[in-house]
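Here the structure comes first, spelled out in C-alpha cells, and everything after it is commentary.
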Amino acid sequence: MDYSEQYNYNPTLAWNDKVEEYFINAYGADHFSKISKALTHPSSYSCVRVNTLKATSDSVTEKLLTILQETGHVSDGALKSSVQKFPVQKCQVPGLDYVLFVNGSGPHDIQYSSALNKPVKEVIVSRKCAEAVLRGAQVFVPGVLACSAHVEIGDTVAVSVAVEQPVDGGWSVGITRGITLEGTETDPHHLQRRGLYIGQGTTLLSRAGIFRASHGVAVQMTERVYNLPSFHGVLEGEIFLQNLPSIITAHALDPQPGDRVLDMCAAPGGKTTALAILMRDAGEIVAADRSHNKVLDIKKLAAEMGLKCITAHRQDALKAVCQSNETIDYPNQHSNETKGVASDCHASPLDDMESVRSKAVDSHLACNKDVSEEMENQRNYQSKADIRKSMRRMRNGPGRNQTIGGMVEKSKGFPPNSFDRVLLDAPCSALGLRPRLFAGEETMESLKKHGKYQKKMFDQAIQLVRPGGTLVYSTCTLNPGENEAVIRYALDKYKFLSLAPQHPRIGGRGLIGGCELVDENRVEKWLTPEEAELVQRFDPSSSLDTIGFFIAKFSVGQKDI
C-alpha cells in the first residue's frame, strides 16, 4: 500500500455551493482558493500578549524559552542556530513590542508504518478535536469517535479526523462513536480519511478505557503535522494567548486612562483585558455578555491579571440601551429637569456624570443590603430537600449551572451617550478562524441572519457612545455581508458617523463596490475606495499569516434628536 497517498494531511475545505459562489464573486476564484487552503492549517506562530502591568516582554521571553526547552519544543541547538528562526520574537510593529510571536513548525512528513511496514493502529477524532490538536492540544476522551481493535495503553496510533460529508442534501460525519477500525480499505470511511491524518501519538488508555471514561487525555501526541506549543496553564496572569488582529482591535479603539468604555460582547475577555492594560487600569471598563458562565470567566480573567477597572455584567447586546420612562437628552441639551436617570440604569448621561454615578452607587449598595438581609432571613430555615441538594453538590461538584464564583449582576441596560468609547466585537459566522476543516454549515440564509443581528447590535451601540466618542466594530469572519455591508448600513443610516484612521494599520483594505445577490434580486453594497482604505481586513492567505478578521473605527459627531 502507498502510505504517502493515504496517510497525509491535505484537506479540502467544503463549502455550501451558494456560499462558495458568493465568495468567489467577492474575492475572485484564485484568491478564494488560496483563502480556503490557508484556513485548513494553523498560523505558523502563536501570538502572546504580555500583561505589562505584571511583567515585561524580556522577562516573559526568558520564561517562555525555559518552558519550551523543558517541554522539548526547542533544543539548545535551535537557540544557537543562525539559520532557524528564534523561537520567541517581539512583534516589530511600532507600539506592539509587548506582543510576542512563539514560532511553530510544519507541515511535517510523518511515517505512519510500523517496523514491519504495516499500518499502525488508528484513532479517528471529531473535527473540533482535530482543530484543537492542530493548535497544540492533546486528544481528549470526548473527542475520540472510533478506534482500532485491541488498542492497549502505550500503543502507537495514527490520528485522523472525521469531517462531514454530503449526505442526502445535507452534511453528516456518519460515524457511530465506538466503532472498530480494521486498518484495511474495507474500513468504514477509509476513503474519506485520505489526506486527513493529523499526527501520531501514544495511547494513555486502552480501547475499552477510552469509550468508558468521561474525561482525560486519550492520546498523547508525539508527532504532529503542525507543531505548536500549548499554553494551557502557562504563566497565568502574565500572558494571554490572543490572535494579532484582536490585539490590533484594542489599539484601534485607542482607550485613554480615565475613559469610560463598554465592551458589548466581551467574552472570553481577551479584548477587555487588552483595553484595561492600554488604559493602565485607570478608568472604567464595563464588560457585558449574555452568558452567566462567560461573565464569570471574564471576572476570573480580570482577577487573574490583577485588573481593577473592569466590571462585568450579564447583558443581551440587543437590549443594551436602558429602557426608561424618562426622556434622556443628549449631553449638550440637558436641562435641570432631565438630568435624572431611571433607577434601573447602570450609568448616567455625561452632564453631571460624577454626581449621578455616586447616587447610582449608593442606590445599588442599598438595594444589595436589602436583598442580603432578605436572603439571610431565608437561610434561617433549610428544608430536607435543600440539605440533600447541598450534600449532592458537595459530592459531585457545583455543576454547569452552579458555577463557583457566585452570582452575576444582570444589567438592565445603559442610558444613551454614557460611554466615551464602545467596542462591538460582534458575534458572527466566524469563517475567518483557523484551522478550519469544514465550512458547509453556513448557508446564504444563515449569513444573512448574522448580518441582520449585527445591524441591530450596531443600532444599540451607536446610542451608547457620546458625541465626540469612538466606536469600533469588528468580526472574525470573511463574509462581506457581516463586514463591509454592515459598515455601509451604518454610514448611510447615521449621517453623524465617519470612518476614522486606525493605528497601527497592518491589515489590507476593505472590499469596494458590491455584489449582486441573484436569489434576492438586489445588490449588496460595500465601500467606496476612500472608505475601503480606512478599514482593516486581515486575509488568512496573506504574508501576515493571521486569522481572517475585519476592523472598522468610527468617529461619532454631533447627534440629532
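Using N, Cα and C of the backbone, Cβ positions are placed for all residues, glycine too.
Sequence annotations record features per position, and here TrEMBL assigns domain 'SAM-dependent MTase RsmB/NOP-type' to 167-557.
The annotation S-adenosyl-L-methionine binding site is assigned in TrEMBL to C265, A266, A267, P268, G269, G270, K271, D289, D316, D425.
Counting every protein chain shown, the number of other Cβ atoms lying within 10 Å of the Cβ of C476 (active site, nucleophile) is 24. Residues annotated as active site, nucleophile in TrEMBL: C476.
Less than 8 angstroms from the CB of G269 (S-adenosyl-L-methionine binding site) sit A287, D297, I298, L301, A302, each of them six or more residues away in the same chain. Under a cutoff of 8 A between CB atoms, and with a sequence separation of 6+ in the same chain, the neighbours of D316 (S-adenosyl-L-methionine binding site) are R290. Residue pair C476 (active site, nucleophile) / K271 (S-adenosyl-L-methionine binding site) shows a Cα separation of 13 Å.
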